[in-house]
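Written out below as structure tokens is the structure these notes cover.
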Amino acid sequence: MTLLSVNLNKIAVLRNSRGGNEPDILHAAHTCLDAGCGGITVHPRPDQRHVRPDDVRALAAVLRGKAEYNIEGNPFAPPRGTYPGLVELAREVRPTQVTLVPDSDGQITSDHGFDLAADCERLRPLVAELRELGCRVSLFVDAGAHGFEQALAIGVERIEIYTGPYAQAFAEGDARAVLAACADTARRAQQAGLAVNAGHDLNQANLGGFKAAIPGLAEVSIGHALICEALYDGLAPTVRRYLQILR
Ligand SMILES: CC(=O)[C@@H](O)[C@H](O)COP(=O)(O)O
Ligand SMILES: NCC(=O)COP(=O)(O)O
């Protein structure tokens, strides 16, 4: 069973474009949960162009005891204004999972994973603190990444494979090589003792083939395409279609 975690960043983007509270991120979360999704993902950033710290807190209250809460982001990005930093947010809300992502200011979206050989040592104290808080820790990595034993040794429990290149190859008509690289990465991570999540640019067209190629895929987090598709078909029916694909 692969858990579907719906990323609500794009609901916040739409809301932020006008001020006010429409669309309401909590209403969206309830709709996704009622439709059967297993979790909610958010990716707060220091510039607060997506979800804001208060969204992260309010969602925690909605999700506690009901569904998995996955917070993604860069743990090295310093606090800015009312953004207290990723680890501080985790301290406050104790999500189920924190997915560490090496994105930087100015990136439109996440576009690469950690280099585990280079990054594990500086991640070690952060991973330890997040584990101490009771959060599962996942690291965002590219297909082809190495160093899973090092990740396991510092307390990491999962990786999230960055699926942007897979989605792009799929859209261009031939994803076989990228998919094989994702499958090999997943297999090596699982052999090392890590569970495997995946996300970025997954959609109703490319998800089925991805899931079929990755036995034991623990979780997919999907936002951009799902929210776009929901504009035409409605949020609850769209979530149900994803669940059907993951069945
Ligand atoms: C790590 C990852 O792939 C997602 O968290 C993604 O970055 C979220 O989407 P947005 O960049 O659209 O907020
Ligand atoms: N971790 C990936 C995620 O949360 C959603 O990415 P996308 O579907 O918005 O590209």
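Just so you know, glycine gets a Cβ as well, placed from its N, Cα and C.
For the 1-deoxy-D-xylulose 5-phosphate site, TrEMBL lists Arg45, His50; matching the candidates Thr2, Thr96, Thr99, Thr109 against that entry yields Thr109. Listed recorded positions near Glu72 (active site, proton acceptor): none (candidates His50, His200, Asp201, Gly223, His224; Cα-Cα distance within 10 Å). For ligand 2, the recorded positions lying close by, meaning a CB under 6 A from one of its atoms, are Asn7, His200, Asp201, Gly223, His224; the full candidate list was Asn7, Arg18, His200, Asp201, Gly223, His224.
Looking only at the recorded positions Arg45, His50, Thr109, Glu160, His200, the one with its C-alpha closest to Gly223 (3-amino-2-oxopropyl phosphate binding site) is His200. Each of the binding-site residues Asn7, Thr109 was scored by the number of other CB atoms within 10 A of its CB, and the lowest score belongs to Thr109. For the pair formed by His50 (1-deoxy-D-xylulose 5-phosphate binding site) and His43 (active site, proton acceptor), distance between Cα atoms is given as 7 Å, rounded to the nearest Å. Excluding Arg45, His50, Thr109, which define the 1-deoxy-D-xylulose 5-phosphate site, the same chain contributes Asn9, His43, Pro44, Asp47, Arg49, Asp103, Gln107, Ser110 within 8 Å (Cβ to the Cβ centroid), listed in sequence order.
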